[in-house]
């Protein structure tokens, strides 16, 4: 018998698998390479996108098919985690393999996209679901889309599915209303909530009637070779340079391999190892994949437990658990029930499809979801080795030896886990709280088991286990010991909370931070367990025993899916021959002096050609040395703006607005001592990471005569062209910068393109070769900046009727270390500090603080949300301090038609009251408000909040010269039309609207019009696609160009009135009439004097909207559910209602993330912690409102917009704050219940930590206060 480490002893030594029905055989590929990289770089299948490289976003989802127990099975997986050797003997299907528009065979599961970057992942998740289940339920679909991010939707709106009604229109479905005279759906019905106007709306935003039904018989067949030759039973080994891959099928060989290679890594889902390879660059000499070993897939019942082999995926484990729950008596399945529930929240479905429970146990994460369950239930693992044989070990206090250390020996494998069945009189429960419910690591996990004497209620046995409260999963041994023999009662609860508070106390600067919140969670979890057990035993004498503790359970779920997929190209999908790759080396310290650089080690790495340093010299340029990305402040610092103010550190002089200058030559200063009613306070609003799915990237291609072609994922090709020309000393006409489309931007790609393009261009010039530069997510988040964090200070005077009579408002922004776009952000914050309210007098100041953070930049809303947030907080403060109804206060102070803002703009077509009243009516706000009050009266620990929030957003750039656009329209002799304009497509539907405008102006079918890309050699000097004016400005430019062409064609139409477009075009060509035209458009702008405070008619018009949100909060944990959202938005006469509604929904969700969960965290020494999806959470599909209703305000024709429309990209984002204020209402109800009636500052975002710590009660009273600020070093600080 050959040695098991001998590669030649295995059945197969070549990597064989199939991709989209085509055979792939590899003999020279690095086993550490991921499937996603192989698909994109080797096979050029770029439909599979890479958004994060951590398995956290879903953009890379593919389907894997294999033979298991003689059956062909399919599952979805994250290809960015899947090692290439892991697909040996399997069939991989990518989005290219299920059809395309180009080949006129679009798969029925593929429905629409604009930017298309995340769409392939959605499509493949649904495709894998359909292959396994052609008739899925709504819950199946929800599960299939688990872990996908909820981004802005596209021009077809969102496809909504509910349990009761499969139609996307919900209660507005024509089947539930009326049919036309032919019995068909729809008829002349208008968009739900639309109240009038000239243009009719279709009842459905997406018409899927022409989609072919799904026919599973037409799918790609499983490759016969793989089944015929039994690849599933073949052993496989592979040797490549420094890494060997072993995939045995014999259990004996597996044990021998572990004996011979004790430190070889066992791999299953690769979710842990892939992250180590990416960030720690570990050596990996040997890898063992045990998934083909049948003994590891064993599962059966034992006397008092369930044996589950560790070869099972977590999905298989979950399915088996559900099966046993149906077969066994309910009282025996207490642990199984909570294993099943916890697995739902364990990573995402695509990770669970491949991951094994063994990896979770062996890696010994202190925040594991499952390990507290194993510990509290006294589960066992079966360990086996060739040397010592099999043994069973309890997962208890002796199992975890230290941080990431266990008793498992290097030569041992985890063969199985044995999950106990609950015994008579035993009760078990487990809980988890994370920043986001779905696909998120735990903050704290708790699991509890108690055995009670049914007659005396004496505790015979109790086990209490926590994750997230120590360097290891922890048993509360001291508490457990002191509770045995104690009677289950309220006194027992008080004693337990006291003991746990003492045993689990965390130091203020504990790794991970949130010391008080984590302790309060630990205590709250036990309190929940105590109530659930007491309720089960019907102990009516226990206080609160009748309280229902689960939130959101009575609301049916709604699904949001994507639409039409096409094969869309992004910058990284373009392959250039002989291309070099570039990367930044980031400074390891926050802020300091770069004295010298030693490149020796880097130059000795295989493949490294050269470097570029900070000083612009490029002796062999390849790597750019950067030191701009971290800051350092005193380690006790917790507030950046405060530090900057004390140091007088600002990036620019202060800005001011004085409303008194609108009617006077001098600033009027009022005497504040004469006011009887004044509120004063401040509020913090955190930053926000853009988290576009496509990270920043570019390709620079050098051509002759110093010409450069730059393909970049950026919102402003003009700025990139200017910066490259300036830095390289080349005229702009030699630099062609172009964009096909970008995979999301949200402002983060407006001013940051030069960070990549300039060094890449320097390198391209030096080498004379093309350079590709792509940021990893980890670096992108550290370098490119975020939304500006703000501190907003206010002092407001009101009269006895609640009218606002004087305002002193100061906005402080954290600008980072350079000015970037901070001036524009601050100015927009200041001109939105009034939101929708009239102030008799207002003095507004803006201060831009300089810190050693990466320079903060543009973000959707551009300062507007920050300014309005401070105002809405202020309004709430007034209402609570003086006991007024906040809705009445708002209505009393709403702007009316023709009112003038503090910055001097008169509001024409002011629709704030109309959107408010219509939203109030559509949402049935007043009735639901009473229902919320009743709900809160009847529920002690679950509270609901409902809120109305209005918004006003001015449309236009802050700089006059940016409010212009150009376009080039070319008509060809076959009648086809090519349109070029200065805007770029990033998922917002701009190109679609431009196509509509051109087709309408030229009076031709839209199919005749095409847009290729955005390029500086077609349209010069283009402003960024930003400020929501893409359609306004570029639409006017296209309209102007089309007008010129139509004027030239007019004589030919007159000569041939019966002709067609093609005839007139050919006739014009014959007569040598130009069929191309350059168009130009401008929008209104009058500059405000921010240095002296004098206002002006800054914007041409404003967009108005109102949202109503209802939430439910778990006051014991800080968790919340967004139950329902209603929005009424003023969009004028919409160019495309489906696009606009999609933009409204997407902007709202992004705003919802901003105000409720997205938290940028920095270490006090300057290290940024939130640098990827693992620790920075944006809303997922599960976070979307259970009911989401968007209406467009009718009869709102906008004379200042193209075809009477209004801009829509940014205005709805602030409405996401409505969820924040609804959460605050729920928290306030809980505080009032507990005797705390005063106004309280509630900073944004309303994370679970902030919610729970604001819900002060008898549980939090057991949490000790933090030491005095400055006496300790906090683990993190938020910005």
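Glycine too: its Cβ is placed from the backbone N, Cα and C atoms.
When DSSP labels each residue, the domain '2Fe-2S ferredoxin-type' (13-98) comes out as 16 helix, 31 strand, 39 coil, counted as helix, strand and coil in that order. Marked as domain '2Fe-2S ferredoxin-type' by TrEMBL: 13-98.
What TrEMBL records for 52, 57, 60, 80 is [2Fe-2S] cluster 1 binding site.
Under the heading [2Fe-2S] cluster 2 binding site, TrEMBL lists 115, 118.
The domain 'FAD-binding PCMH-type' annotation in TrEMBL covers 238-424.
According to TrEMBL, the FAD binding site annotation covers 266-273, 346, 356-360, 369, 432. Long-range Cβ neighbours of residue 346 (FAD binding site) (same chain, at least 6 residues apart, Cβ-Cβ under 8 Å): 314, 352, 369, 370.
In the structure as shown, the Cβ atom of residue 1027 (Mo-molybdopterin binding site) sits within 10 Å of 28 other Cβ atoms. According to TrEMBL, the Mo-molybdopterin binding site annotation covers 715, 746, 860, 1027.
Residues or ranges marked as substrate binding site in TrEMBL: 750, 828, 862. In the shown protein chains, 27 other C-beta atoms lie within 10 A of the C-beta of residue 828 (substrate binding site).
Residues near residue 1210 (active site, proton acceptor) in space but far in sequence (CB under 8 A, at least 6 apart, same chain), listed by position: 860, 861, 862, 864, 953, 1027, 1028, 1147. Among the features that TrEMBL reports, active site, proton acceptor is placed at 1210.
Sequence-distant neighbours of residue 266 (FAD binding site) (same chain, 6+ residues apart, CB-CB distance under 8 A): 258, 288, 289, 290, 358, 359, 362, 413. Between the alpha carbons (Cα) of residue 272 (FAD binding site) and residue 80 ([2Fe-2S] cluster 1 binding site) lies a span of roughly 12 Å.
Cα to Cα, residue 118 ([2Fe-2S] cluster 2 binding site) and residue 60 ([2Fe-2S] cluster 1 binding site) are separated by 8 Å.
Close to residue 270 (FAD binding site) in the fold, though at least 6 residues off in sequence, lie 81, 82, 83, 86, 354, each with a CB less than 8 Å from its CB. Across the residues of the domain '2Fe-2S ferredoxin-type' (13-98), the predicted structure has a mean pLDDT of 93.
Residue 57 ([2Fe-2S] cluster 1 binding site) has a Cβ environment of 30 other Cβ atoms inside 10 Å. Taking the C-alpha positions, the distance from residue 52 ([2Fe-2S] cluster 1 binding site) to residue 746 (Mo-molybdopterin binding site) comes to 17 Å. Within 8 Å of the centroid of the Cβ atoms of 750, 828, 862, where the record puts substrate, the same chain has further Cβ atoms from 747, 821, 824, 825, 858, 859, 861, 863, 958, 1026, 1027. Residue 746 (Mo-molybdopterin binding site) is 17 Å away from residue 57 ([2Fe-2S] cluster 1 binding site) when you measure Cα to Cα. The two recorded residues residue 357 (FAD binding site) and residue 828 (substrate binding site) have their Cα atoms spaced 51 Å from each other.
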